[in-house]
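Peer 1: Mind looking over this structure? Questions follow.
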Ligand code: KG4
Ligand code: ZN
């Protein structure tokens, strides 16, 4: 609808420079410039390289988004920007750019939480999120289960990883198997040709003794070690490593734990909607497993299409749009970039 607010979103927390434009829940533009190829040879994101790439990409990406949406900065009602969590130098570029545009065009600014934006993006595909909902957030830097009572004003953390993030585990195992960075999509692809039951890898924090203290927490470091030991034993024996089977069995172990704990959180909180967000939500096995198991329990799963799961500007615009609609006050113009912004802070 033309009378809904027109929101611009800027994302620069990691290696993607994203600018999105939404009107209400309608996505109008989602421009992206990625520095992922500049990091590939290091096997991980190099913060200084990411910051420099954002500096170069921010203005052209902004112009591309406005053109794609067919609007000018003067038409925008509010600017939302990822204020944290993320890489400090990378966040600074987006926050400084957002402030510059906000001052120049006299627009309100919203400094928002990247993780809440990963949840909000689903509204662009599936409409308003029923509340309460449970959110499973799985990205390269975070893995958390959240209870969403009110996405505009606060979320309740239920659990999180106690070591590696799920995406980090995918990236490390991919590296071990000689696959490119970032490894998640490559494991996903390899696993399609493999047998998920070929190797029984451990499911972290699912034993009865762990559940007492860590019912909704995750741990992937034991799994990572188990995969490494298994591969090393093969190599020592001079046998070929069955990459597809290892990828499929590893992926199965990760998804099994993520889905099991997320559905447990829904049941025990009387929640009927599970929303999955973050880069790992693009994983085809995670999506299929969550849908199958949830359907048997009468729980509805919402996952945005893969292109909206990984970092982008549209997700920030979607959260900004939700905040404006909920009547949340804008941020101060001196809002800081906060690399360690807590999950419970939706906007600053
Ligand atoms: O949300 P995101 O784009 O950036 C962060 O905020 O971290 O997530 C990136 C992570 C990477 O670890 C990447 O390997 C993983 O998401 N990822 C996947 C898939 N696509 C991206 N993991 C598993 N399967 C995928 N298809
Ligand atoms: Zn992310």
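Using the three backbone atoms N, Cα and C, a Cβ is placed for every residue, glycine included.
Pulled these features from TrEMBL for this protein:
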BINDING   114, 118, 311  Fe cation binding site
BINDING   137, 138, 139, 140, 141, 171, 184, 188, 283  substrate binding site
DOMAIN    27-317  domain 'Gcp-like'
Peer 1: Are there residues of the same chain, six or more positions away from residue 311 (Fe cation binding site), whose CB falls under 8 angstroms from its CB, and which are they?
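Peer 2: Counting only residues 6 or more apart in sequence, the Cβ neighbours of residue 311 (Fe cation binding site) under 8 Å are 11, 13, 14, 15, 16, 18, 114, 139, 279.
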Peer 1: Is it possible to get the count of other C-beta atoms within 10 angstroms of the C-beta of residue 141 (substrate binding site)?
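Peer 2: The answer is 18.
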Peer 1: For residue 137 (substrate binding site) and residue 118 (Fe cation binding site), what Cα-Cα distance in Å is obtained after rounding to a whole number?
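Peer 2: Here the two Cα atoms lie 7 Å apart.
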Peer 1: Should we count any of the binding-site residues 141, 283, 311 as near ligand 2, judged by a CB under 6 A from one of its atoms, and which?
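Peer 2: Among 141, 283, 311, near ligand 2: 311.
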Peer 1: Using a 10 angstroms cut-off on Cβ to Cβ distances, just flag whichever of 114, 118 is the loneliest among these binding-site residues.
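Peer 2: Among the binding-site residues 114, 118, the lowest count of other Cβ atoms within 10 Å belongs to 114.
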Peer 1: Find, among the binding-site residues listed as 139, 283, the one whose Cβ has the highest number of other Cβ atoms within 10 Å in the structure shown.
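Peer 2: Neighbour-count leader: 283.
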Peer 1: Restricting to the same chain and to sequence separations of six or more, state which residues have a Cβ under 8 Å from that of residue 184 (substrate binding site).
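Peer 2: Non-local contacts for residue 184 (substrate binding site): 167, 170, 171, 174, 279, 280, 282, 283.
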Peer 1: Would you count the other CB atoms within 10 A of the CB of residue 137 (substrate binding site), including those on all shown protein chains?
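Peer 2: I get 27 for this one.
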Peer 1: Tell me the Cα distance separating residue 118 (Fe cation binding site) from residue 141 (substrate binding site), rounded to the nearest angstrom.
Peer 2: 12
Peer 1: Let me know the model's mean pLDDT on the domain 'Gcp-like' (27-317).
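Peer 2: That stretch averages a pLDDT of 97.
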Peer 1: Max CA to CA distance in Å over the substrate-binding set 137, 138, 139, 140, 141, 171, 184, 188, 283?
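Peer 2: This binding site's residues have a maximal Cα-Cα distance of 18 Å.
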Peer 1: In DSSP terms, helix, strand or coil for residue 139 (substrate binding site)?
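Peer 2: Reduced to three states, the DSSP call for residue 139 (substrate binding site) is coil.
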